[in-house]
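Accompanying notes for the structure given below.
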Amino acid sequence: MIITSERISLKHLLTAEALTDREVMGLIRRAGEFKQGAKWHPEERQYFATNLFFENSTRTHKSFEVAEKKLGLEVIEFEASRSSVQKGETLYDTVLTMSAIGVDVAVIRHGKENYYDELIQSKTIQCSIINGGDGSGQHPTQCLLDLMTIYEEFGGFEGLKVAIVGDITHSRVAKSNMQLLNRLGAEIYFSGPEEWYDHQFDVYGQYVPLDEIVEKVDVMMLLRVQHERHDGKESFSKEGYHLEYGLTNERATRLQKHAIIMHPAPVNRDVELADELVESLQSRIVAQMSNGVFMRMAILEAILHGKA
């Protein structure tokens with residue numbers, strides 16, 4: 001049975017924390033409907049979407065593309081390496097162009113934090129913006145698909161014990177997740193190299209050694225070591241990191257039977273978690289990827305519903 005959810009309308013999706021609890025739950029339920037086979041196709045007019053990715057991406061980029069095509073949108077292709085960006089065109093002018101030619105929604109990933117500020121302040125740019133990741137800032141669509149995956153497993157968030165482990169300071173996924181999970185009633189634990197942890201995050205949870213929480217958590221959320229944001233200054237070997245901060249096979253045996261393993265991917269196998277655990281029975285990494293399509297369908301629908 002498909003349960004009908006309240007329709008959500010959004011102008012933009014820039015940060016996770018800007019969403020209300022009603023919007024979060026509405027998007028989760030609508031994504032679940034899409035997963036069960038619900039259909040939506042634009043009526044009366046054609047809608048155009050474009051994916052402007054200035055940082056490398058597989059999952060976010062391609063799952064948005066699949067989501068757009070499942071919804072019947074016209075997808076305007078864009079490759080930064082073959083665009084006027086190579087001639088010095090700014091992000092603002094690229095988006096201005098897309099808006100001028102009739103694009104309704106632009107999914108953007110960019111290395112600059114808060115890149116979207118000047119775009120949404122523009123009186124000329126009319127297209128909606130979905131943040132596909134801004135530097136080390138936010139990744140709201142990844143957060144929402146993570147919440148969907150957790151909700152499918154546990155039916156709620158109140159009282160869940162969630163460990164966020166790894167390169168927390170550099171992780172936009174961690175920032176978005178800690179904000180919403182904390183607000184929805186989950187109990188957050190942070191772990192990983194202390195030099196990769198900022199104590200400003202203490203408002204959302206507590207920092208503890210990994211071995212103190214392995215047996216306690218319901219969700220083990222591991223983060224990719226972001227080598228590209230360390231300028232080659234990591235102080236750990238891959239083997240050393242895995243033994244001290246990774247989910248080893250030995251640590252995995254200490255997880256509760258109902259606990260799930262999550263990772264936003266790409267996974268550095270045998271670094272953040274043991275190779276054998278990526279597709280293990282407790283892993284939900286593949287489910288996260290699959291849910292990404294349905295959640296992004298729900299987000300796109302909410303954006304276009306706001307334009308109707």
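Just so it is clear, glycine is given a Cβ too, placed from its N, Cα and C backbone atoms.
Noted in Swiss-Prot for the protein shown:
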BINDING   ARG59, THR60, ARG109, HIS139, GLN142, ALA265, PRO266  carbamoyl phosphate binding site
BINDING   LYS87, ARG172, ARG224  L-aspartate binding site
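Taking the Cα of GLN142 (carbamoyl phosphate binding site) as the reference point, the closest of the binding-site residues LYS87, ARG172, ARG224 is ARG172.
In terms of Cα spacing, the binding-site residues LYS87, ARG172, ARG224 that come within 10 Å of ALA265 (carbamoyl phosphate binding site) are ARG224. The two recorded residues, ARG59 (carbamoyl phosphate binding site) and ARG224 (L-aspartate binding site), have Cα atoms 14 Å apart. Every protein chain shown contributes to the tally, and the Cβ of ARG224 (L-aspartate binding site) ends up with 18 other Cβ atoms within 10 Å. A straight line from the CA of PRO266 (carbamoyl phosphate binding site) to the CA of ARG172 (L-aspartate binding site) spans 14 Å. For HIS139 (carbamoyl phosphate binding site), other Cβ atoms within 10 Å of its Cβ number 26. Same-chain neighbours of the carbamoyl phosphate site beyond ARG59, THR60, ARG109, HIS139, GLN142, ALA265, PRO266, judged by a C-beta within 8 angstroms of the site's C-beta center, are, in sequence order, SER57, THR58, GLY132, GLY133, VAL173, PRO264. Put simply, of the binding-site residues LYS87, ARG172, ARG224, the one whose Cα is nearest the Cα of ARG109 (carbamoyl phosphate binding site) is ARG172.
When secondary structure is read from DSSP and collapsed to three states, ARG109 (carbamoyl phosphate binding site) falls in the strand class. Comparing THR60 (carbamoyl phosphate binding site) with ARG172 (L-aspartate binding site), their Cα atoms are 13 Å apart once rounded. The two recorded residues, ARG224 (L-aspartate binding site) and HIS139 (carbamoyl phosphate binding site), have Cα atoms 14 Å apart.
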